[in-house]
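K.L.:
Let me give you the structure first, and then I'll get to my questions.
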Amino acid sequence: MSPEDWLQAEMQGEIVALVHSHPGGLPWLSEADRRLQVQSDLPWWLVCRGTIHKFRCVPHLTGRRFEHGVTDCYTLFRDAYHLAGIEMPDFHREDDWWRNGQNLYLDNLEATGLYQVPLSAAQPGDVLLCCFGSSVPNHAAIYCGDGELLHHIPEQLSKRERYTDKWQRRTHSLWRHRAWRASAFTGIYNDLVAASTFV
């Protein structure tokens, strides 16, 4: 969208979303789309093959500050899946829920469309449940392929990291969404590239 078109739209009233199309393309935001969406701080609606795909504006997946229940490992998982076209529910979670007899991941994953798969069958977009300082799986990471994961742990920025022995030992199980298709990782990948080139 040219700056002139943007100004003309603003003169018509409040801009509440940006709508554009990918004729014959993929139903995910491109790298450039994600950079511009984050800059605009607006929902973007993408028309592709006769369907409207609505993307709320979420921060880039890497470089987020950790705040439990607001920007934590579940928020990262939820936002990554949103960019891949799969909506996950948001739910209240108290800090240290795993120390208070709760098992939020195992109690909710199947009900939200995920099923367990063998670790040997891992593919990009699968969700790794890990035990982080706990015997209860209390940490989610997105497997990116090529021995890499995307996650967010306390007191660190969200990041991509090697899936080393340390994380393999902490891994409880691997999960895949019933609506997942391999091409959906494109939505996540495009954000990772956009964030790495964001100036």
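Glycine residues also receive a Cβ, built from the backbone N, Cα and C atoms like all the rest.
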K.L.:
Name the residue range among 20-33, 34-47, 48-61, 174-187 that Swiss-Prot annotates as motif 'JAMM motif'.
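P.N.:
It is 20-33 that Swiss-Prot describes as motif 'JAMM motif'.
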K.L.:
Let's see if you can do this one: DSSP helix, strand and coil counts over the domain 'MPN' (1-77), in that order.
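P.N.:
Across the domain 'MPN' (1-77), DSSP assigns the residues as follows: 25 helix, 16 strand, 36 coil.
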K.L.:
Do you know offhand how many angstrom separate Cys73 (active site, nucleophile) and His22 (Zn(2+) binding site) by C-alpha?
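P.N.:
That separation, Cα to Cα, works out to 31 Å.
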K.L.:
To the nearest whole angstrom, state the Cα distance for the pair His20 (Zn(2+) binding site) and His151 (active site).
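P.N.:
Cα-Cα distance, His20 (Zn(2+) binding site) to His151 (active site): 30 Å.
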K.L.:
Apart from His20, His22, Asp33, which residues in this chain have a Cβ no more than 8 Å from the mean position of the Cβ atoms of those residues at the Zn(2+) site?
P.N.:
Ser21, Gly25, Leu29, Ser30, Trp44, Leu46, Cys48
